[in-house]
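Q: From Swiss-Prot, here are the annotated features:
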- H223: active site, proton donor/acceptor (ACT_SITE)
- S353: active site (ACT_SITE)
- 134-136, 164-167, 174-176, T222, S354, 359-361: substrate binding site (BINDING)
- 23-45: compositional bias 'Basic and acidic residues' (COMPBIAS)
- E366: site 'Important for catalytic activity' (SITE)
Amino acid sequence: MAALTMQFEGEKKNVSEVADVTLKQEDEQQERRSYSTPFREERDTFGPIQVPSDKLWGAQTQRSLQNFEIGGDRERMPEPIVRAFGVLKKCAAKVNMEYGLDPMIGEAIMEAAQEVAEGKLNDHFPLVVWQTGSGTQSNMNANEVIANRAAEILGHKRGEKIVHPNDHVNRSQSSNDTFPTVMHIAAATEITSRLIPSLKNLHSSLESKSFEFKDIVKIGRTHTQDATPLTLGQEFGGYATQVEYGLNRVACTLPRIYQLAQGGTAVGTGLNTKKGFDVKIAAAVAEETNLPFVTAENKFEALAAHDACVETSGSLNTIATSLMKIANDIRFLGSGPRCGLGELSLPENEPGSSIMPGKVNPTQCEALTMVCAQVMGNHVAVTIGGSNGHFELNVFKPVIASALLHSIRLIADASASFEKNCVRGIEANRERISKLLHESLMLVTSLNPKIGYDNAAAVAKRAHKEGCTLKHAAMKLGVLTSEEFDTLVVPEKMIGPSD
C-alpha cells in the first residue's frame with residue numbers, strides 16, 4: 001500500500017509538472033502575441049485599456065474579452081444577432097436624426113451600421129454568449145465598432161470618439177431594450193428566410209411521395225406489430241401533414257416575435273427617449289427588413305420576459321418531435337437490404353462502414369434525428385432561461401437567443417438535407433411490400449363482420465400456430481368456404497371505410 005501511495009504521489013507530481021510547463025508555454029505565447037500586436041489606448045468609465053489597433057471595438061468589448069474567456073471562438077454570439085444589431089443601430093440613427101442627432105454623425109453611423117448588417121465587420125465581434133445576462137457587452141461591442149467605423153468614415157481615427165458609442169450610437173437606447181429587440185429581429189429573419197422555405201420544400205416532397213405511392217397497399221404496424229393494411233401513400237400523407245402542421249405552428253408564433261422591445265430602455269418606462277420613438281423605430285426596422293415589425297404592446301413584458309422566444313422554441317421542439325418520428329419510420333422501413341423490413345429503398349449517398357464492404361447506412365435519417373435531439377435540448381435551455389426573468393429584466397437573454405437561433409438553423413439545414421438527399425430519392429420495393437402484406441395475420445380483421453371477433457381470433461391463432469395461411473385455417477375450422485374467404489379478404493378494400 002505504501003508503495004502504491006508513493007507511485008500515485010509521483011504520478012501526480014509528474015502531471016502537475018506537465019500542467020505547469022503547459023501553462024508557462026501558453027503565458028509565453030500570449031506574451032509574444034502581446035508584443036507583436038500594435039495597440040491603441042481606449043477609455044471607458046473604468047479608465048484606459050489597451051485594444052488591438054487593427055480592431056474596431058473599444059474598451060468595454062476588450063474588458064469583456066478578458067473577463068469572459070469561456071468556450072473559445074465556437075461560443076461567439078451568433079452572426080444573426082450581430083447582423084440584427086447592424087439593422088437596429090442603422091434604424092436608431094435614422095430616427096434619432098429626426099430628434100436632433102447631428103445629420104453628419106447620423107449618416108456616418110447609418111453607413112457603418114449597414115456594413116455590420118451585411119456581415120462585413122464580423123471579425124470585430126469577438127464576444128461569446130457567456131457574458132452578462134442582459135447582453136450589455138454585445139450591445140456595447142456593436143456601439144463601439146459602429147462608432148469607430150463611423151469616425152473613420154468621417155476621416156478621424158479610431159478611439160477619438162468623434163462619434164461616441166453611448167451618446168451617439170446608443171442614443172435613446174439601453175442594452176435592456178436593444179438586446180431583446182435584436183433577438184426578435186434575428187429570429188424572425190432566420191425563420192422567414194431560412195426555416196420556412198426549408199420546411200415547405202420538405203412538405204412538398206413528402207406530399208409528392210404520398211401521391212406517387214397512393215396505390216401501393218402495404219401492411220400497417222401498431223406497437224411495432226402487424227396491423228391492418230393501408231397504402232404507402234397514406235403513410236407518407238401522415239408525414240406530410242405533420243410537417244404542414246409544424247409550419248403552421250411556427251408561423252403562428254411570429255406575431256409575438258414581430259413585437260419589438262425598443263423604446264422601453266432600462267425597465268420598460270421609456271426613460272431618455274422622446275415620445276413616438278418606439279413606434280418610429282419599429283416602423284424603420286420593418287421597412288429595412290421587409291418584415292411586419294411593430295412596437296411591443298407592453299414594454300415591461302418585452303424586457304422582463306421572453307415568452308415569445310419560449311413559444312417559438314416550443315414550436316421548434318414540436319417540429320423536432322415530428323421529424324424524429326418521420327426519420328425513424330423511414331429508416332426502419334428501409335432496413336435491410338435483405339434481413340430487415342425492406343419496404344423502402346433509400347438513396348445510397350456514401351459508404352457506410354470501414355470494416356463491412358458494401359454496407360450503406362441511412363445517414364440522412366441519422367443526422368436528422370441527432371439534430372432533433374439537439375433541438376429538444378436547446379428547448380430545455382430556452383425554457384429555463386425564459387423562466388428566469390426576475391422583476392423588470394430577464395438576464396438569460398444571450399443563451400435564449402443562442403439556443404433559439406441554433407435550433408432554427410439546425411432544423412432548416414437538416415430539413416433541406418433530408419429532403420434533397422433522402423426523401424426525394426425514396427423508392428418503394430413493391431414485391432417486398434406485397435409479400436409482407438399477404439403474409440400478415442392481421443388481414444383476419446376483415447372477417448370480423450362475418451364470423452365475429454372470437455372466431456376471427458381463432459383463425460389467426462390457428463394459422464400462426466400451424467404456419468399456414470389464414471384461408472387454410474378458416475377452412476379447417478369450418479367457419480368459411482374458400483369463396484367466402486376470397487370475397488372478404490381483399491387488402492385493397494381494407495384501406496378505408498366501407499360503403
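Even glycines carry a Cβ here, placed using N, Cα and C.
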Q: Could you find out if DSSP has K359 (substrate binding site) as helix, strand or coil?
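A: Note: K359 (substrate binding site) is coil by DSSP, not helix or strand.
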Q: Within 10 Å of S353 (active site), Cα to Cα, which of the binding-site residues S134, D167, T222, K359, N361 are there?
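A: The binding-site residues close to S353 (active site) (Cα within 10 Å), listed in sequence order, are K359, N361.
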Q: Which one of the binding-site residues (T136, T222) has its C-beta surrounded by the most other C-beta atoms within 10 angstroms?
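A: When each Cβ's neighbours within 10 Å are tallied, T136 tops the list.
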Q: Under 8 Å Cβ to Cβ from P165 (substrate binding site), same chain, six or more residues apart: give me those in sequence order, or none if nothing qualifies.
A: G58, Q60, M140, N143, E144, I146, A147
Q: Which has the fewest other CB atoms in a 10 Å radius around its CB: S134, S353, N361, the listed recorded positions?
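A: Among the recorded positions S134, S353, N361, the lowest count of other Cβ atoms within 10 Å belongs to S353.
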Q: Here are the recorded positions: H223, K359. Which has the lowest count of other Cβ atoms within 10 Å?
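A: Among the recorded positions H223, K359, the lowest count of other Cβ atoms within 10 Å belongs to H223.
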Q: State the Cα to Cα distance, in Å, between S134 (substrate binding site) and H223 (active site, proton donor/acceptor), rounded to an integer.
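A: Roughly 48 Å, rounded to the nearest whole number.
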Q: Of D167, N361, E366, which recorded positions come within 10 Å of H223 (active site, proton donor/acceptor), going by C-alpha to C-alpha distance?
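A: Correct set: empty; none qualify.
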